[in-house]
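Enquirer: Pulled these from Swiss-Prot:
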- GLY225, GLY227, LYS228, THR229: ATP binding site (BINDING)
- 1-72: region 'Domain I, interacts with DnaA modulators' (REGION)
- 72-180: region 'Domain II' (REGION)
- 181-397: region 'Domain III, AAA+ region' (REGION)
- 398-518: region 'Domain IV, binds dsDNA' (REGION)
Amino acid sequence: MTLAEFWPLCLRRLHDMLPQGQFAQWIAPLTVGEEGGVWVVYGKNQFACNMLKSQFAGKIEAVREELAAGRSAFVFKPGEGVRYEMAAVEGAVEPAEPSLHAGSEEMPVQEVLLDELPSEEPVKPAASKTAADILAERMKNLPHEPRHTAEPASRPESEVLAKARTDAQRDAEEARYEQTNLSPDYTFDTLVEGKGNRLAAAAAQAIAESPGQSYNPFFLYGSTGLGKTHLVQAVGNELLKNRPDAKVRYMHSDDYIRSFMKAVRNNTYDVFKQQYKQYDLLIIDDIQFIKGKDRTMEEFFYLYNHFHNEKKQLILTCDVLPAKIEGMDDRLKSRFSWGLTLELEPPELEMRIAILQKKAEAAGISIEDEAALFIANLIRSNVRELEGAFNRVGASSRFMNRPVIDIDLARTALQDIIAEKHKVITADIIIDAVAKYYRIKISDVLGKKRTRNIARPRQVAMSLTKELTTLSLPSIGDSFGGRDHTTVMHGIRAVAKLREEDPELAQDYEKLLILIQN
């Protein structure tokens with residue numbers, strides 16, 4: 001199937017599955033093309049590409065897999081290509097006269113990543129119009145509602161007004177993204193709270209209300225995919241909602257490094273310093289990547305001191321505690337701990353279920369409790385994987401015209417993940433992981449010692465073996481030094497009770513589940 005045959009059909013599918021406003025605003029105007037054999041969806045700018053990839057790529061790919069499975073995945077990049085009209089009915093492929101735009105010379109395909117920044121240029125000064133300025137300017141020029149009946153027009157005046165307001169809001173949103181690099185999707189309203197992030201969320205909201213005061217810097221650490229980026233960007237979006245004139249910037253540490261090296265190379269160091277010092281809130285993701293770069297660390301040390309002395313807010317994320325960042329300047333390690341340092345924990349079962357329910361609500365899909373529980377038990381490691389699993393199930397729900405996600409649909413959509421989770425886990429793997437986690441010997445786990453520091457990890461390992469393998473109780477007993485099945489049963493029951501009563505053991509158990517499954 002050619003792109004000219006596929007895209008009109010894809011438009012028809014997307015039109016049928018998306019709300020009318022979303023389709024008209026984001027999908028209908030798209031142009032597409034082919035570069036080096038790769039199908040490309042063009043957005044008018046970086047903001048549009050990021051929005052398309054985060055919100056609609058899954059749906060587009062689901063259609064491609066159904067109708068053109070032999071083709072590689074689409075890439076998303078800024079530019080202009082050919083616009084096709086939507087197929088009138090399924091199978092009717094009537095592309096409109098191609099609208100070839102200037103600059104048809106083939107460009108190398110560059111895939112747009114979700115966390116990619118708009119450009120590698122130094123951070124732009126905030127002297128340009130703010131999002132609020134643009135919105136106010138556009139709204140001021142809108143036509144007023146007529147007091148009397150106007151002459152017949154091709155569209156009602158109210159529709160013109162509504163479209164103009166929508167365009168103004170979208171332009172203002174794009175302007176905000178260009179200035180701040182904040183995603184409009186990452187807000188406190190869209191954040192699901194649970195035990196793993198509740199304290200961090202409360203601190204983040206306090207910072208948004210009074211930046212630069214008590215919690216400065218705010219250092220957030222944890223494994224990949226736990227929601228650090230969502231939480232820190234929510235601070236920026238909330239601050240701008242309360243103070244539209246605030247100067248905010250979110251960036252990845254790689255982009256800070258690139259902009260600094262470019263300033264050194266171009267002898268624009270003074271401009272670089274002023275660009276960063278202007279912000280009221282600076283958010284840097286994955287700060288650990290500046291380690292080992294002496295000049296960059298030295299410059300960031302001075303920038304840090306400026307923010308602290310001027311009571312401007314600095315928010316940093318990392319994968320480990322500040323003290324554990326090997327190769328980081330000791331002065332920076334010390335300063336990273338001056339404010340508030342918090343860890344994001346993997347989401348517990350209740351939080352994972354709540355995330356799935358919120359995703360379903362946002363997508364206009366109903367999910368049965370049994371299906372949500374199944375998916376939440378299958379994906380334990382992080383929020384990103386959980387959302388990815390839901391997107392797959394949601395796509396299956398739409399294409400199969402099943403408005404309710406039940407457990408059978410979830411199993412069918414995620415069957416490859418189910419197979420992957422269970423195909424390599426053995427009792428030996430679990431015993432080894434538990435021994436390393438509790439820093440005891442494997443021989444102790446299998447032996448006869450009954451001291452608490454040995455017996456409890458042994459019971460945890462038995463319980464994990466029961467949950468993650470298909471072994472019977474007698475077989476589990478054999479794997480643990482030839483123990484009787486009643487001993488295994490007693491250990492499993494003891495761990496189940498302790499998980500309800502002892503938060504520390506419950507947390508250890510969840511961490512081991514994630515460690516073993518990944």
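Quick reminder: no glycine exception, Cβ is built from N, Cα and C everywhere.
Context for these features, please: burial, neighbours, distances.
Expert: Under the three-state DSSP scheme, THR229 (ATP binding site) falls in the helix class.
Sorting each residue of the region 'Domain IV, binds dsDNA' (398-518) by its DSSP state yields 90 helix, 2 strand, 29 coil.
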Enquirer: Would you list, in sequence order, the residues of this chain other than GLY225, GLY227, LYS228, THR229 that have their CB within 8 A of the centroid of the site's CB atoms, where the site is the one recorded for ATP?
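Expert: Going along the sequence, the neighbours come out as GLY222, THR224, LEU226, HIS230, LEU231, THR317, LEU344, ASN382, VAL383, ARG384.
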Enquirer: Measure from the Cβ of THR229 (ATP binding site) and count the other Cβ atoms within 10 Å, all protein chains considered.
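Expert: Around THR229 (ATP binding site), other Cβ atoms within 10 Å: 22.
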Enquirer: Counting all other Cβ atoms within 10 Å across every protein chain shown, which of the binding-site residues GLY225, GLY227 scores highest?
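Expert: Compared across GLY225, GLY227, the most Cβ atoms within 10 Å surround GLY227.
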Enquirer: Run through the region 'Domain I, interacts with DnaA modulators' (1-72) and tell me, per DSSP, how many residues are helix, strand and coil.
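Expert: Secondary-structure composition of the region 'Domain I, interacts with DnaA modulators' (1-72): 44 helix, 11 strand, 17 coil.
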Enquirer: Does LYS228 (ATP binding site) have same-chain partners at least 6 apart in sequence with Cβ under 8 Å from its own Cβ, and which are they?
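Expert: Correct list: LEU220, TYR221, GLY222, ASP285, THR317, LEU344.
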